[in-house]
2 protein chains.
Amino acid sequence: METSALQKERASYQPKLPKALKGAVKIKEGEPTQSVDNHEEIKKLFPNTYGMPLVEFVPAEKQESFRINVGVILSGGQAPGGHNVISGLYDELKKLNPENRLFGFLMGPGGLVDHNYIEITDVLMNKYRNTGGFDLIGSGRTKLEKEEQFEKGLEIIRELDIKALVIVGGDDSNTNACVLAEYYAAKKYGVQVIGCPKTIDGDLKNDQIETSFGFDTATKTYSELIGNIARDCNSARKYWHFIKLMGRSASHIALECALQTQPNICLISEEIEAKDLSLNDIVEDIATVVARRAHDGRNYGVVLIPEGLIEFIPSIGRLIEELNDLLAEHGNDYKDLDIDAQRAYIIEHLSEGNKATFETLPEGVARQLSLDRDPHGNVQVSLIETERLISDMVAMKLNKWAKQGKYNGSFATLHHFLGYEGRCAAPSNFDADYCYSLGTSAVQLIANGKTGYMAIIKNTTEKAEDWIAGGVPITMMMNIERRNGELKPVIRKALVELDGAPFKEFVKLRSKWAKETSYIYPGPVQYWGPSDVCDQTTRTLALEQGKEVFVF
Amino acid sequence: METSALQKERASYQPKLPKALKGAVKIKEGEPTQSVDNHEEIKKLFPNTYGMPLVEFVPAEKQESFRINVGVILSGGQAPGGHNVISGLYDELKKLNPENRLFGFLMGPGGLVDHNYIEITDVLMNKYRNTGGFDLIGSGRTKLEKEEQFEKGLEIIRELDIKALVIVGGDDSNTNACVLAEYYAAKKYGVQVIGCPKTIDGDLKNDQIETSFGFDTATKTYSELIGNIARDCNSARKYWHFIKLMGRSASHIALECALQTQPNICLISEEIEAKDLSLNDIVEDIATVVARRAHDGRNYGVVLIPEGLIEFIPSIGRLIEELNDLLAEHGNDYKDLDIDAQRAYIIEHLSEGNKATFETLPEGVARQLSLDRDPHGNVQVSLIETERLISDMVAMKLNKWAKQGKYNGSFATLHHFLGYEGRCAAPSNFDADYCYSLGTSAVQLIANGKTGYMAIIKNTTEKAEDWIAGGVPITMMMNIERRNGELKPVIRKALVELDGAPFKEFVKLRSKWAKETSYIYPGPVQYWGPSDVCDQTTRTLALEQGKEVFVF
């Protein structure tokens, strides 16, 4: 395998650990916990893993050698730092006993079910330290949720003498990790299951999980690119750049990137939903900013659009919800129809209000809503070209205003979608340290006999040394939600909070950004050099924790 | 102006200069030169600026104080390092005499004609040192080519007591700089004109100009992103990523990025032209690689496509050439017709062979070829979605093969266009040093009474200290070419040479890349840290100069 100069130099970086995880470790247990909502239902569904205490690791004088084989699975979309979770697992396992073995199941949860795995060796591990991507063992989106999968997985678990599984994933995957933990506990199979909070989207976060890994690096990478585009915009002064950002439902990525780069406009889906704005309202708001800037001689700008926007426009959200349920229920009747018949089928089966919304959508968007769905049965929002849809509608609005004499500018647009450019970036110092600490914590949870827990690291705006490592029972983060037409126990997804500090900071600044040109150009992620450049936390995390925000 | 932590720290970077430019400087003149072709015609068109010698700067014991005001213009597309050309000019002017003044004409050559300018001051300059973008004075695409523009510009030149203009641009802009130099010399206006070689496209290069500035940073930024996408590709193992890369006609950017990242496929327009491949041939070649990888269980890959590809497919190239001439001649009759009438008009006026080609093109492509043109009257190749066109055609081919039982894989595609993400990146150490040296050289050319020269720096694969600074008469790089239906003296554009070392290296490796998965992940540009990471030259430059290529 040929590697870049950066990768070679970066291989020798030793990720920093919290004080408590540096040497021998012991566990400190807190009070019993309960789920965030629906206590009785969750308790009934998880009799063996409900109500367990929060735990924290503290330094010990010595720790007994501990012999175990562990399996690790990377689940869902890539996020910078996945390989460092694995190196954290690997190093801590070897520290506890050099005989310990770590197996990686290949291409996601499917690798467990289909018995595809490799053993992680020294040579292999060293090639992947501090690198981006999940290519060491691959990832996949198979959902681990059926008993037959659990039983099939058990065969290889037994064969490899594995006593614990670590599942690295987002909210869905960690929900499933908990179901699996409960199943193996109920069956007394003696197999522990531990989760790790991964997702660039930033929506796996709550009182216990300060941030999911990958969010830091991905938002820095996107902000690098947004800054470069903004600088281009401010040099040529003739284009409006519409930039859609990955991030699924929540707008955390868009908000964080806005705070880092100060674009003229950033849409926040959660606000649009709360204010019950229509597509036309959004278009009118943008056109108003464009017209004002044109009036000031500024026929250029940058607009950030969160990937999930379209679902959060309430009328369209209601439509998508019914479509998700409808197609989950009737998918088989529907999937072999031709395009026109599919459209007719949908119109026939929708309720009145949603039918009206569906019929008024531009055809391309209507088709995208009714076709491709991800393996969880949801609309693949990333395929909808919202950035073009919105800029086209803004152009139409401006044309109308021009005819009415209310606008006299030029509106030339360029479109970008940033997503795959950042999910596999080499982890920033923060993500490299954070992930390595998560992996280390996961092993300590295992060594302390825990199952149905997620590894956590708190106090993350301080120096790594002062981070607090521990674990949280996954049931503690659960509630009951409707998914694909069924009520299910799931980890509550964290959306942007409109009374949270990051959004409030954004609101304070955005009218200035809209009128003036306040772009900030963060530049590429740096690994060496001044600490204020290399070790900055995200603005979201700093604001949420009430830390002083860098005065740029 | 708020600035990022990186920008703040980077402001204090002192760009490195060649030994000869560090202190007092004197000039060493070579033999008279002649143009690369059409000697007599060029000589006749440039009687005052033809045949001048190459010059080189060497250290002197002392240099007299020299009092002058200078104007600078940024012309055409942005390239990383533009602000460092200006800081090089500024510092050297102040070194020669603190009374010297530097004026920046705003938004490109139009600023000279329309008398829009600012004076560059210490405070202003310090905010832009080592930053990306052209936003200090903006850029524009107005062509400076008419006598009335030259005379209009002269008014403000006289008013500001400017004795020399520095025009920072690509081949077209430097051609125009030479025309302007000749005009002012012929009129004995006493205004010198000096050019600087700028373009990320890498096509302004010849025996005298080793590389144009911005190519280094832009290709590193694109390679960072291609590497991230490739790592995603190799983690998820389910998509073929089609990535189009900016770079206008030439494929230098695609080739350089391919050498840095080792994708499965990279198209090189110049090769396609030389081999007289049709669109169908290209599609068949790609589909063959896809099918072979599918046979090996690899239903994923990365394809790089140069922006200018479509023009280089000979049949389409002939069509575009005729369209460019046709629309230059009849643009006025044509521009107010509706879309269908435009199509009919074109078909009616095209020659037989080109008509046939035009009629068989997918409609969207045909329309893009016949509509939007840049201010130079050329097809805006960056607007043609070649990446989608080609992947759609590959999918059709694979479907056909599947029906014939020759292919049994999955072919899911994702598309990217990388361009605006890299043109305004903060300059790499190389571009920061190179541009600063070019600006310094330009001032020394002025101080030594030169006009119609371009500033040059040679020996650029060595340490900056050992670089050789000097100047080349612009006429030396000229020949006569047909542009928009007219024969004109122009700087010869450098395309990828099929017998050059970079292309030969690529050919040597590409069949391995196609079959296996050999991706290299370069990561983001680094400014601090190990020299092998921060100070790498491009592979193109290293190979062209026979330097040892980094064995990754």
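Heads up, the Cβ atoms here are built off N, Cα and C, so glycines get one too.
Unlike curated records, TrEMBL annotations are generated automatically.
These numbers come from a predicted model, not from an experiment.
When TrEMBL records B:T199, B:I200, B:D201, B:K238, B:Y239, B:M246, B:G247, B:R248, B:Y420, B:E421, B:G422, B:R423 as binding substrate, the matching candidate from B:E307, B:E311, B:E359 it lists for that site is B:E307. Comparing the recorded positions B:D171, B:D172, B:D201, B:E307, B:E421 on other C-beta atoms within 10 angstroms of each C-beta gives the minimum for B:D172. Cβ neighbour count for B:G247 (substrate binding site) (all protein chains, 10 Å cutoff from its Cβ): 30. Other Cβ atoms within 10 Å of the Cβ of B:R423 (substrate binding site) number 26 in total over all chains.
Using a 10 Å Cα-Cα cut-off around B:G77 (diphosphate binding site), the recorded positions B:D172, B:K198, B:T199, B:Y239, B:E421 reduce to B:K198, B:T199. Comparing Cα positions, B:Y239 (substrate binding site) lies closest to B:K198 out of the recorded positions B:D171, B:D172, B:K198. Taking the binding-site residues B:G77, B:T199 in turn and counting surrounding C-beta atoms within 10 angstroms, the largest count is reached at B:T199.
In the three-state DSSP reading, B:G247 (substrate binding site) counts as coil.
Using a Cβ-Cβ cut-off of under 8 Å to chain A, the recorded positions B:D172, B:D201, B:E421, B:R423 reduce to B:E421, B:R423. Of all Cβ atoms in the shown protein chains, 19 besides its own fall within 10 Å of the Cβ of B:Y239 (substrate binding site).
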